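Feature annotations, courtesy of TrEMBL:
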type	residues	note
TRANSMEM	23-47	transmembrane segment
BINDING	Q147, V148, H149, T150, R151, D178, Q253, T254, K255, H256, H257	substrate binding site
DISULFID	C220-C234	disulfide bond
BINDING	D285, H398	Mn(2+) binding site
DISULFID	C307-C310	disulfide bond
DISULFID	C358-C381	disulfide bond
Amino acid sequence: MRGRRILIPLPNTGSMYRKRNTYYMRGIIFMAVLIFLFLKLQIFTFYDNHDSVLMEPTNDSVDAIMSMVPSVLHKFLTPKTRNQTLLSNLLHNGSNLIGALNFVDLYHPPNITEINRQIAKYNDMQLVLNEYTFGPLQNDSVIIVVQVHTRITYLRHLIVSLAQAHDISRVLLIFSHDYYDEDINDLVQTIDFCKVMQIFYPYSIQTHPNEFPGIDPNDCPRDIKKDHAIIRKCNNALYPDLYGHYREAKFTQTKHHWWWKANRVFDQLEITRYHTGLVLFLEEDHYVAEDFLYVLEMMYKRTIDLCLQCNILSLGTYLKTFNYYTYNSKVEVMPWISSKHNMGFAFNRTTWNSIRKCAKHFCSYDDYNWDWSLQHVSQQCLRRKLHAMIVKGPRVFHIGECGVHHKKKIANRIK
């Protein structure tokens with residue numbers, strides 16, 4: 001009679017247990033490798049596309065923009081990161097994908113110590129790119145100073161507009177940075193249409209993340225009440241601003257940076273030491289017309305017969321609509337108003353020397369806006385107040401939607 005099968009457990013010798021563990025470990029290692037490769041590919045997909053996404057939401061609109069820009073200038077609009085460049089070079093030279101992905105680990109963004117070292121090097125060298133090609137700075141040449149933070153997408157379009165301006169080869173273009181970023185440096189250093197220089201604000205939030213003028217851990221929160229701040233004994237508890245708020249480093253940095261760069265350009269750089277011509281102030285999210293230099297220089301010449309008291313020239317406006325047919329060649333004259341005439345404005349060393357003597361008024365004025373502080377200087381300190389000649393058909397435009405006074409959602413994507 002066939003009996004029922006009875007399952008008898010085998011004695012545990014340890015060999016089957018070890019064998020089963022080996023299979024598990026191999027499976028875990030295999031999955032880990034797959035996940036690692038997947039993450040690597042995702043990282044490179046991000047680096048390849050993130051600037052393109054920020055520039056425009058669709059490929060069609062990117063193509064439309066490119067079609068309006070001369071092909072020789074497309075290089076300024078084509079995003080490239082250090083990782084992307086390394087990968088493309090490796091693959092072009094025949095490296096396999098796995099080797100290329102592993103090699104990219106050799107590139108890491110610089111730490112604070114390295115950033116400080118690079119900033120000191122740039123500021124000490126005072127290197128002027130393309131000087132051999134375009135010759136020394138002439139005394140009547142315009143110096144353009146661009147204040148740069150992190151918005152590389154806007155900066156690309158500003159550079160394209162500058163590249164298409166008439167007589168741009170005569171200017172000295174200075175980029176003043178409050179954030180050290182190697183992708184931005186690479187972009188600036190590809191400029192080949194004029195003399196270029198970079199200066200770096202050395203007291204930034206980036207280089208002082210846990211101390212003044214950055215964010216100190218003991219700083220008073222912006223909206224804390226004064227009596228609570230005194231109890232907490234946080235920094236400057238006794239000194240909220242006029243509105244009852246405490247210092248916010250991200251806002252005050254803009255004012256500090258503006259004052260530092262003006263001093264740096266007029267008084268500290270070798271190349272500008274004896275320059276008496278115009279210095280034009282722009283920002284990374286501005287855009288210039290092709291004839292902006294011609295108009296600026298014409299305005300400067302005509303101050304003699306049109307407005308002897310004018311010591312500031314303004315090329316920009318915040319108006320959304322204007323009639324170029326009527327106002328293309330018209331100017332108006334009025335006292336300088338910070339909220340209206342702070343975009344694309346220029347002055348010379350004579351005006352700067354007057355402003356610099358009022359440094360105490362500028363720095364101690366209880367406001368984080370550099371332009372409002374400058375207006376305070378004009379009203380309370382200058383013997384000859386700031387008087388502006390403004391072109392009614394603007395030649396400098398504001399293309400940014402996020403800044404000190406803007407809180408739109410797009411700001412979070414472009415920063």
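Note that Cβ sites are derived from N, Cα and C of the backbone, with glycine treated the same way.
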Could you measure between C220 (disulfide bond) and R151 (substrate binding site) for me? Cα positions, answer in whole angstrom.
28
Sort out for me which one of C220, C234, C358, C381 has the most neighbouring CB atoms within 10 A, since those are the disulfide-bonded residues we care about.
C220
C234 (disulfide bond) to D285 (Mn(2+) binding site) - Cα separation in whole Å:
36
The rounded CA-CA distance in Å from C307 (disulfide bond) to C381 (disulfide bond) is 22
Output, ordered by sequence, the same-chain residues six or more apart from K255 (substrate binding site) with a CB under 8 Å from its CB, or 'none'.
D367, Y368, N369, W370, S373
Counting Cβ atoms within 10 Å of each candidate's own Cβ, which of the binding-site residues H257, H398 comes out highest?
H257
Is it possible to get the count of other C-beta atoms within 10 angstroms of the C-beta of R151 (substrate binding site)?
21
For substrate: widest Cα to Cα gap among Q147, V148, H149, T150, R151, D178, Q253, T254, K255, H256, H257 in Å:
19
One should report the C-alpha separation between H398 (Mn(2+) binding site) and C310 (disulfide bond), rounded to whole angstrom, as 24
